[in-house]
Amino acid sequence: MIAPSILSADFAHLADELKAIEGADWVHVDVMDNHFVPNLTLGLPVVQSLLKVTDIPMDCHLMIANPERWAPGYAEAGAYNVTFHAEATDNPIAVARDIRAAGAKAGLSVKPNTPIEPYLEILREFDTLLVMSVEPGFGGQSFIASVLDKAKQVRRLVDVGELRLVVEIDGGINMDTIEQAAEAGVDCFVAGSAVYGTPDPAATVEALRQKAIAIEAASA
Ligand code: DX5
Ligand code: ZN
């Protein structure tokens, strides 16, 4: 699956920018609060408006403090998947349960330097694991390949039937780096600048998808 991130889109024309990625599997929406990360983007009112103008399942990536307070609102609004950060809460299970109770899939995200071992046990409460391959906060950064060990480890648990979840990667994904991520067993690839930085974003989405499919077929 390919999930273009609208962080790299033109914020003055978001409805058009959603039309430009027709065929994407998910649309990735980065919510930042200038507290958990040193940047500010958009929040629930914008997400509510975006949901009215697209049928693409929305993947909300909450880079915010206090997800227990805010995450369920995105699920209630109609987001398909709501991901929050492991580093932002002491009670990830409760947040995941609240998101699911409000009707969305629940995702857990880990920053590049956050180990996955302490969270393996609770991943059964989640539908998505979002492995950050850049420091959260900004688009256009370089891919950190060392995080792929986390993706591999979790994908192995999925393959043996111990977990059921989508392994998603976010940050620095482009036509080159998607190869290593696909080899590591990633299911869903977020790409911001690599999609919106091209003249035909929908064609780029398809090209990324074909590349990932080819790698997966070769390593199967
Ligand atoms: C970064 C965001 C990403 C960002 C990725 O904090 O979570 O979703 O949009 O942008 P690229 O693909 O340009 O690295
Ligand atoms: Zn993101």
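Glycine too: its Cβ is placed from the backbone N, Cα and C atoms.
Note that the coordinates shown come from a computational prediction; the quantities given were computed from them, not determined experimentally.
Together with H28, D30, H61, TrEMBL lists one candidate of D159, D170, D176 for binding divalent metal cation, that being D170. Spread of the substrate binding residues is 17 Å (greatest Cα-Cα distance among S5, H61, G137, F138, G139, G140, D170, G171, G172, G192, S193).
Between G139 (substrate binding site) and D30 (divalent metal cation binding site), the C-alpha separation comes to 10 Å.
By a simple count of nearby Cβ atoms, those within 10 Å, the most crowded of the binding-site residues S5, S193 is S5.
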